[in-house]
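So the structure is just underneath, and the comments pick up after that.
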Amino acid sequence: MAASALHQTTSFLGTAPRRDELVRRVGDSGGRITMRRTVKSAPQSIWYGPDRPKYLGPFSEQTPSYLTGEFPGDYGWDTAGLSADPETFARNRELEVIHSRWAMLGALGCVFPEILSKNGVKFGEAVWFKAGAQIFSEGGLDYLGNPNLVHAQSILAIWAVQVVLMGFVEGYRVGGGPLGEGLDKVYPGGAFDPLGLADDPDTFAELKVKELKNGRLAMFSMFGFFVQAIVTGKGPIENLFDHVADPVANNAWAYATNFVPGK
């Protein structure tokens, strides 16, 4: 969900920040790096406000008072009260968006190599949970199966590069830009929206909802991929092919009732 704290809501969420506050945080230089623009009214969308769709439709229970429909992806469900505290709520919104994005990338990375492999593209190992182990093989790990792209033989080197690169990106995000310009930590815009897809405020509001809906599905997908890997020892595409070939013998119920850990 949106990551800015509740007391920092923009007019996109109902309260317009004053220009002097933006100048104080960003500067009045007229440069390209600015905070995410604001608008004069709340999003005109069915996904926001008190009349937004709820998690059980007309059968939903009373919506908690702190779930007002102000933020994207709010279906009025918080049985455990995890978002009752405003600071926790803001933190959870940020975490959900970040995990959603990683899950969408991860889900694509799990299925795409298998799809390519099924269509004749050569890989050292196309199954996602087996691919990383290739670095321990004698020949090492070749990116896309091509030693001329990236050839790796040291797990420590990969770990170090990942820490540095991901640390840099996360530092950029948390710091609000390379120089601490105060960019939104979750929706910075600028170079992260080169096509200008979020220029229109109402379109931006819809895209936030779509991102979360797809991200939540991707997180469930990743969980399913983990379970499939443990239970079947196969990738998601191979499992799909097995299910289509014999739906009765290859389905979740059949595996659950015959699964023996360690075998």
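Positions of Cβ are set from backbone N, Cα and C atoms, glycine also.
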Binding-site annotation, Swiss-Prot, chlorophyll a 1: partner of Trp77, Ser83, Arg216 in Glu94, Glu96, Glu238: Glu96
Tertiary contacts of the transmembrane segment (217-237), as residues 6+ beyond its ends and Cβ separation under 8 Å: 99-100, 103-104, 106-107, 110-111, 114-115, 118, 126-129, 255-256, 259
Set of same-chain residues at least 6 away whose C-beta sits under 8 angstroms from Gln134 (chlorophyll a 3 binding site): Gly124, Glu125, Gly140, Leu141, Asp142
Cα-to-Cα gap, Glu96 (chlorophyll a 1 binding site) vs Tyr55 (chlorophyll b 1 binding site), nearest whole Å: 17
